[in-house]
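Here's the structure, in structure tokens; my notes come after.
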Amino acid sequence: MSDAAIELRGISKAFGPVQANKDISIRVMPGTIHGIIGENGAGKSTLMSILYGFYKADAGEIFINGEQTTIPDSQAAIRAGIGMVFQHFKLVRNFSVVENIILGAEDGALLQPSITKARKSLKQLAEEYELNVDPDALIEDLSVGHRQRVEILKALYREADILILDEPTGVLTPAEADQLFRILERLKAEGKTIILITHKLREIMHITDTVSVMRRGEMTATVKTAETNPQELAELMVGRKVLLNVDKAPAQPGAPVLEVEGLSVHDGDGVQRLKGVSLNVRAGEILGIAGVAGNGQTELLEVLGGMMRGTGNVRLNGDEIDLTGKYSDGQSRRARGISHVPEERQDEGLILEFAAWENVAFGYHHDPDYQRNAMFMNNAAIRAETAAKMERFDVRPPITNLAARNFSGGNQQKIVLAREIERNPDLLLVGQPTRGVDIGAIEFIHKRIVELRDAGKAILLVSVELDEIMSLSDRIAVMFDGQIMGERLPGETDEKELGLLMAGITGDAA
Amino acid sequence: MDFLELLQVLDSSLRLAIPLLLACLAGLFSERAGIFDIGLEGKMLGAAMMAAAIAAITGNVWLGLLAGIFASVVLAGIHGLASITFRGDQLISGVAINFLAAGLTVVVAQDWFAQGGRTPSLDGAARFNPIELPFAIGPSDAAETGRRLNELIAEASPIQQVYSELISGHTLLVYLALLAVPLSWWVLYRTRFGLRLRAVGEAPEAVDTAGISVIRLRFVAVILCGVLCGIAGAYLSTALLGGFVKDMTAGRGFIALAALIFAKWRPWYALSATLLFGFLQAVVVRYQNVEVGNFTVPVQFMDALPYILTVVILAGFVGKAVPPRAGGQPYVKER
């Protein structure tokens, strides 16, 4: 048996009382793609940060190509041939590609020789791995997919043999993700070792040779990808059976609740974000809006939720909604029976410094139940209601006094959902309900949304996760460049077709 | 105003612009590395006092210059310690340094010289004296011919007038400061250190993951800022004037900061911006009693004019000045 490219033995790391990594051992064979999967907070990123010299392990040994090494800092990791592509790119945005490539890997005190060398090397790498990027382009002018390529090129320029990618597809469109996978296959064919960290089962199944599963700081299993299946992996991740597909009965749509005609919105800079959007959502139905982030979905939610003004006709249960006047604010929308779970829960859904019970009252603080008299609010009543909501929504820890900041992403989202769903709205606007939420909570949140639908309410769902749109929606509308490109039924379409629509290519033309 | 008078105004613009230029370049290095520095004023003041004091005691202006730089670097080190090592608020640390310098300089000067917080006036080898460039008409020619310098220059050709009046006859520090502009540009854009410096002010996390120490890089920048501020302060008390007086920086550190914004954190722009501010000051110094019709503009208003114009220029003419992205934020390593 040949030496492993990377072998970790008994790695442990604690942050205060929290054991982020517990006695982790793993062998990654050279020339393979090794997946590491786990829920948020399972310790994947900590483990990789140890490997890249960001943290020092409390205990354990690291072997690179069979030789024991220590990695005290990033420079040592780079010397050992390890390259890392972080989830949030570590690029200087107003530098050119070539300047970013050489930063920290310059050959001498003067720049010019390094730049000349890097240009040549970039050309070679571009041919070798199909990693084409204009060396003189500024990072801020590049698309997210291209920025990621620059990160990969950075690692390759430093002659990395082992490439670690942390949640690389989180910010990519399906087409860009496919491209990334092709590049990774190519790198593997050239003998590079790749570690892919993700929480997306589909990617693991699609591209890895071996997969390790982490749960609560421990490595629960390492299996060959060909010998496992998504259900098994999900179980290993969560520690119990999970429903990967949302279990829901066929929709029983009723009368239209929301009718939108020719809705247009200009943002503060005068750019038109919505270009005559028309759609409707019926009672007892979930309409999913698919699209790459930034194509007008945010504005659609915000104008319907009363956070932005727009022009056009919007009717709720047949009655016109004020889009520009005195009643175009969020308060009036709530009064009309529209609840809104905003995309940015930390900025718009919650005030992080405030306690959970205060957050539960926000937006509904005029509710008569919350008033003690004309002067004072009835905080006891709000606390009691918060405690009840926390129990019903399984918010952990169930402490009403805890600041919203101190809950995990999934539990923060549950607080927002509890506040909005339990108002029993006619229409629920919900954006990115499970972004940054771990798999157990995703399941719970999806179930609640479906329950609301089954109670005969209309739901407008915006998500950049195609899986989520596909499994949750009863109807799917695809947005591109502020317009609806088309509507599909989830049973009669696939990711490929939706992906094309998301890129602005209509299927009819093809 | 005739040609010669214009030259004289420009000449004094240059003299007055030099401390601004040095301080502006000092701020440039610090802020490009992501450390905002409103303590330029305090560092200059500290340097001005120490330079004049040591020059007065030793009679050697070079020792004075070194002492000035040392004082400024110590203050810069405090700023670095507070804002880089202890991740404190950079504005507060800068303000503290300004107060510290304002008070300490007077106290120390009073204790050493007992002249009401001043240093003795400097002359001879204890201060920087004008350098007469070859072929320029200078005081030596005046002594030789026995005529007044002004008359000699007035009789010369326009090219000789520009050369003698504007270009020649400055102290060494003026020429050094002017050389510092292309040098700064070269360091910033053509060297490894410059690339890393600019990167650490924009995206310290990129520098960190590339295996370079953010803390060390920022400290180097802050110390460099201290050196340049030190020269600026020493220039004030040993070249522009012959001795230290209380609060002699008179807000120059803040005007340099304004010039830095005006210059969009670029060396050549910094030169033009500080020359403009220097020109404003020169005009005010020369035309103290301006009469508009029968009305004499108060001196106080003229004195305030450069500051008023600073505000106007910053508010109206800068356009979009984007500071270094990571400026003002201490770097905390994250996953």
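Glycine is treated like the rest: Cβ placed from N, Cα and C.
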Self-check item: Candidate ranges B:65-84, B:245-264 [criterion: TrEMBL lists as transmembrane segment]
Solution: B:65-84
Exercise. Kindly point out the range from B:44-63, B:304-323 that TrEMBL annotates with transmembrane segment.
Key: B:304-323
Exercise. Would you kindly list the residues that approach the transmembrane segment (B:12-30) from elsewhere in its chain, counting only those six or more residues past its ends and only Cβ-Cβ distances under 8 Å?
Key: 36-37, 40, 43-44, 166, 170, 173-174, 177-178, 180-181, 184, 197, 221-222, 224-229, 231-233, 235-236, 240, 249, 252-253, 255-257, 259-260, 263, 265-267, 270-271, 273-275, 277-279, 281-282, 285-286
Quiz prompt | the transmembrane segment (B:172-189) versus listed stretches B:65-84, B:91-113, B:219-238, B:268-284: most Cβ pairs under 8 Å | solution = B:219-238
Exercise. Can you tell me which of B:91-113, B:219-238, B:268-284 gets the most C-beta pairs within less than 8 Å of the transmembrane segment (B:65-84)?
Key: B:219-238
Quiz prompt | Residues from the same chain, set at least six apart from the ends of the transmembrane segment (B:91-113), whose C-beta lies under 8 A from its own | solution = 36-39, 41-43, 45-46, 48-49, 53, 56-57, 75, 78-79, 82-83, 119-120, 244, 246-247, 253, 328
